[in-house]
Each structure stands twice: as C-alpha cells, then as structure tokens.
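Presented below is the structure to which this report refers.
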Amino acid sequence: MNPLVAPDSRHDAGRCALSVNVNKVALLRNTRHLGIPSVSKAAELCLLAGAQGITVHPRPDGRHIRTHDVHELAALLGKDWPQAEYNIEGNPTQNLMDFVRQVRPHQVTFVPDSEDQFTSDHGWNLPADMERLRPLVAECKSLGVRVSLFMDPVPQAMPFVAELGADRIELYTETYASAWGTERQAEVLAGFTATAQAALAVGLGINAGHDLNRENLTDFLRAVPGVQEVSIGHALIADALELGYAETVREYQRAIQRAYA
Ligand SMILES: CC(=O)[C@@H](O)[C@H](O)COP(=O)(O)O
Ligand SMILES: NCC(=O)COP(=O)(O)O
C-alpha cells in the first residue's frame with residue numbers, strides 16, 4: 001500500500017469502488033503538443049485522494065487515450081499503486097486485445113462501439129454476439145484478466161453473459177442518468193434493479209458506468225444491489241476543473257458512502 005494513500009481511502013468490503021476514467025484529461029492534453037494536463041498525474045492525484053482504480057478507453061482513432069497512455073498508466077499503477085485496479089475498456093474486435101495481451105490489466109470491459117462512435121451508447125446484443133465474443137472472453141480469462149461486458153439493463157440477457165464465462169457486467173447507465181430527477185426515475189431504476197438481481201442470480205459481479213455524477217450516484221447505488229465498481233469520467237473530470245481532483249474524488253466517495261449510510 002502506498003504510504004501516501006489517504007487513510008480514509010481504504011475500500012470497505014461490500015462498498016462500491018470508484019474507478020476514475022481519465023479519457024477526458026487525455027482529450028484536453030491532445031489539443032496542444034505540450035503534454036499537459038498530464039494523464040498520469042491526474043490518475044495519481046485521484047488515487048491519492050482515495051479512488052480505488054483507473055479506467056481508460058483507448059479508442060482506435062486516438063481521440064483521447066493513446067497507446068502510450070495505456071502503458072504509462074500500467075507502469076505507474078504497477079510500480080506505485082499495486083492495490084489500485086486498472087480497467088481497460090474497448091471493442092475486442094478492434095484494438096483492445098493487443099492492450100490486454102501486453103498490459104494484462106486487472107479488468108477488461110468489452111464495449112460494442114464502432115470506431116467512429118461519438119461515445120458509448122449501447123451494450124452487447126446477446127445471444128446474437130455470443131459466438132464472436134466467446135473466444136475473446138476465454139483468452140482474457142486465460143491471461144488472468146477479469147472480463148466485464150458492457151450491457152443495457154435487460155434481465156433476460158444475464159444468463160447469456162454468464163454462459164460466455166464473463167465475470168461481471170457493466171450496467172450502461174445513461175438511461176438512468178437521463179431519467180434522474182424526473183417522474184421516470186423510479187421506473188427506469190427498477191429496470192436496473194431487476195437486471196442486477198438477474199445478474200447476481202447467475203453469479204455475475206456488477207459494475208456500472210456512463211453519465212454517472214455526484215448528484216445521481218447515491219440514488220443509483222441505494223436502489224441497485226451488488227454494485228462493486230462504478231467507473232466515472234466525464235462528469236468527474238468536469239467537476240475536477242472546478243474543485244480540483246482531490247476534492248472531487250472525496251465528493252464522489254462521499255456520494256458512494258451516503259448510499260450505505
Ligand atoms: C463505456 C463507457 O460508457 C465509457 O467508459 C466510455 O469510455 C466513454 O467514452 P468517451 O469518454 O470517449 O465518451
Ligand atoms: N464505463 C464508464 C466510464 O468509464 C466513464 O463513463 P463517463 O463517466 O465518462 O460517462
């Protein structure tokens with residue numbers, strides 16, 4: 001454990017871990033040839049403040065996270081942050097598997113994005129995608145990498161995820177984020193709760209992400225059982241522009257803790 005780690009950052013068993021997605025730091029960095037803001041420095045400051053992991057999504061077009069970022073973060077976490085989890089997201093039929101083979105992160109999250117997609121906006125279509133995914137899941141598992149599949153809140157799809165041999169799902173939470181604070185919140189949240197229950201029933205772990213923020217996070221974690229990790233990037237980095245990385249991470253950790261109070 002890094003001696004500089006904040007004492008309150010120890011992750012209580014049973015509580016949801018926070019994985020900070022640093023895509024948007026890289027996006028800003030890429031707009032000049034100056035190397036700032038530093039992606040590695042952002043990751044280090046978030047971990048120092050109590051984040052339990054770092055997530056990257058190295059898209060094929062290199063719009064934000066690039067190959068060197070993936071390897072620099074792997075080196076940083078491996079050297080100074082052995083207790084932190086490294087999660088690499090992407091489409092395994094594109095560039096993702098090379099990163100998995102070279103880096104062997106703690107977790108890989110399969111996301112069915114096209115190369116030119118504006119952002120991630122849907123989960124896998126199971127059972128239709130199963131045969132394409134089966135060997136890729138098996139290879140990641142053989143490398144000792146936990147596999148999570150990015151999924152829409154569809155309870156009926158959970159047995160197919162388990163049959164593939166994946167370890168977890170990542171609930172795609174954009175529909176929840178859009179409904180949060182409206183009269184549709186409870187109805188939409190019920191779909192996530194049912195999906196989580198179906199995932200737990202077939203032995204899957206549960207992650208969640210996309211458009212989560214410090215306002216909507218607590219309600220989600222209160223309603224959806226078994227969430228082990230949230231990966232949050234866009235809103236968290238936007239908050240950090242105002243509050244700084246450390247106070248922002250502490251705010252998100254407080255939002256998580258309120259769900260279990
Ligand atoms: C899979 C997902 O929902 C996000 O992790 C994704 O990484 C967002 O990608 P952009 O940061 O490119 O919008
Ligand atoms: N998997 C979700 C993620 O890593 C970040 O999504 P967002 O918070 O940038 O929408």
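Each residue, glycine too, has its Cβ placed from N, Cα and C.
Bear in mind that TrEMBL entries carry predicted annotations, made automatically and left uncurated.
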TrEMBL 3-amino-2-oxopropyl phosphate site partner of N21, R32, G233, H234, selected from D211, D219: D211
Annotated companion of R59, H64 at the 1-deoxy-D-xylulose 5-phosphate site, TrEMBL, chosen from T93, T109, T119: T119
Other same-chain residues whose Cβ falls within 8 Å of the Cβ centroid of R59, H64, T119, the recorded 1-deoxy-D-xylulose 5-phosphate site, in sequence order: N23, L27, H57, D61, R63, I65, Q117
List of residues, in chain order, with Cβ under 8 A from that of E89 (active site, proton acceptor) and at least 6 apart: N21, T55, V56, H57, L96, V108, T109, V111, F150, S231
Close-lying recorded positions around ligand 1 among R32, H57, E89, T119, H210, D211, where CB distance stays under 6 Å: H57, E89, T119, H210
